[in-house]
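The structure under discussion appears below in the form of structure tokens.
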């Protein structure tokens, strides 16, 4: 009995012991959906207002923790076995009682000392949380299409730049290192998500049609007058807008990072070497050839190429901002003159009227996650529609991969047909209605009901309009220590855009090819009225930077994804999301697995080189006409599970790189 009483006394006191008290004042560990090392988020001075919120204030949490552990009444204390309280049986004024009273005073001193010690430890812990140095290095990841640009993004993060600072520098770097895919003379779209505030913004800097552009001119001369294909570039305005909203380092410093790459030179990537050897613009000027083929022949991968002309442009933009690009200065005049000399109609007024748009992304819930993607004129709604349709199928590890591929192929036929009906909503109000239908779970169920489990549809379920998006695009994905997620995709449309190079070294885009007009393609696809040519309008786009977050709360999986390949990129993103969110595969495996794409114009189901003969035979037995190609698209990704972050490139890309801060 004495041993039991002693144990009971230890148990009762243990509730107030210093070690246990320290444990209850620690912040709760977030649940993880995959193994990951703990890495608490670092507090920032500019987040003080956010930390003052009752749901996130450490002081409030500590107070609530104490209140939960303190006994609610004296009777509760008295109910503890081995309590020091006893019934008084002697005269309290007697000598014996006085001796007992002295013993009780001693116990009070011990308990008081323990509580005082615990309080001191708690205060020290709180001071360490607020004022101490971080005990664990912050994590982050950067993924781009070129290893040198990934390294540049990491350098910006290491110098206390924000996630957007890193993305801007990396995107400008890609305009130097991958000029066939992106550049100052192009445009794009950036999606930014703030994890702590659970806020998302999309910055749309898609090119717009010149005010004097007419459909008739494109019909007659688009293939002989490359200047007609040039839209008003949005790259500089868009990146500057993103920096104004989320930048931490000075604008000039961010641009100086990229200018150094142009000035010092870079190693020619495999993809650029291939583009210069196989995809040289037919109208390449002497200036173009002198810039990219300085030795008179395509450079080999790894050879050094310098762009001092672009370094000078970036220095000007760093000092003067976007005004030097858009407000009638030398850069503006050069771009206008170059396009007009090649038959274009773009003017200085078109440049001065251009603005980047800041808006909300479209979103849909899929398997407990919120999927965020760009709204029209981008095809984010079609991506979410594909996920909504697939959500109703029994896609588990128990279902054969071949059966799942059949469902995916039939679903993508519907999603791509829906995408062909989108365009710029500013010029057509019906596009908003179409978008709402694409985001509807009810509509998705209706479409799902038309998909056979055993047979490919002999004809498209919906009318299909012309689909011919930009085949090349550059990707930047950043998850920084500041708890921001950035996904960005930019493009010039065709390799090297229009092929027109200004004296300052700016390649001009060919984005007007993304509009639809009669007899635009060799197969004479029906033109889309929603995507017809109009002055100031932005064409249909398959640039789809995509962010995924938990549908409820802040704990769980976050993703940043991007893709190139136009419509094939939408197909690739759908399948990667399916692999990660439905089949619970890790990101590396999800990106590496074989992907398919239904080409609606040719009625061929294209599959990449990762497909086995057995899978192809299964699809053909279901009525699909299969065509095997080497690569359909590159899909890069970054994943965060609570505080564990990883950046992963598509293994199909020979030059891309993902880097992670450990």
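In case you wondered, yes, glycine gets a Cβ from its N, Cα and C as well.
Note that the structure is a prediction, hence the values are computed from the model and not measured.
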According to Swiss-Prot, which residue out of 83, 653 bears the annotation phosphoserine?
83
For the feature transmembrane segment as recorded in Swiss-Prot, pick the matching range from 107-127, 128-148, 149-169.
107-127
Look up 75, 79 in Swiss-Prot and give me whichever carries the note phosphoserine.
79
Let me know the DSSP-derived helix, strand or coil state of residue 353 (N-linked glycosylation site), please.
helix
Among 198, 283, 394, which are glycosylation sites, the residue with the most C-beta atoms within 10 angstroms of its C-beta:
283
For the topological domain 'Extracellular' (128-662), the mean pLDDT of the predicted model:
95
Which residues, sitting 6 or more apart from residue 519 (N-linked glycosylation site) on the same chain, put a CB under 8 Å from its CB?
219
Counting distance between Cα atoms, which of the glycosylation sites 198, 330, 394 is nearest residue 586 (N-linked glycosylation site)?
394
Within 10 Å of the Cβ of residue 353 (N-linked glycosylation site), how many other Cβ atoms can you find? Include all protein chains, please.
14
Could you give the Cα-Cα distance between residue 394 (N-linked glycosylation site) and residue 198 (N-linked glycosylation site), in whole Å?
31
DSSP three-state assignment (helix, strand or coil) for residue 330 (N-linked glycosylation site):
helix
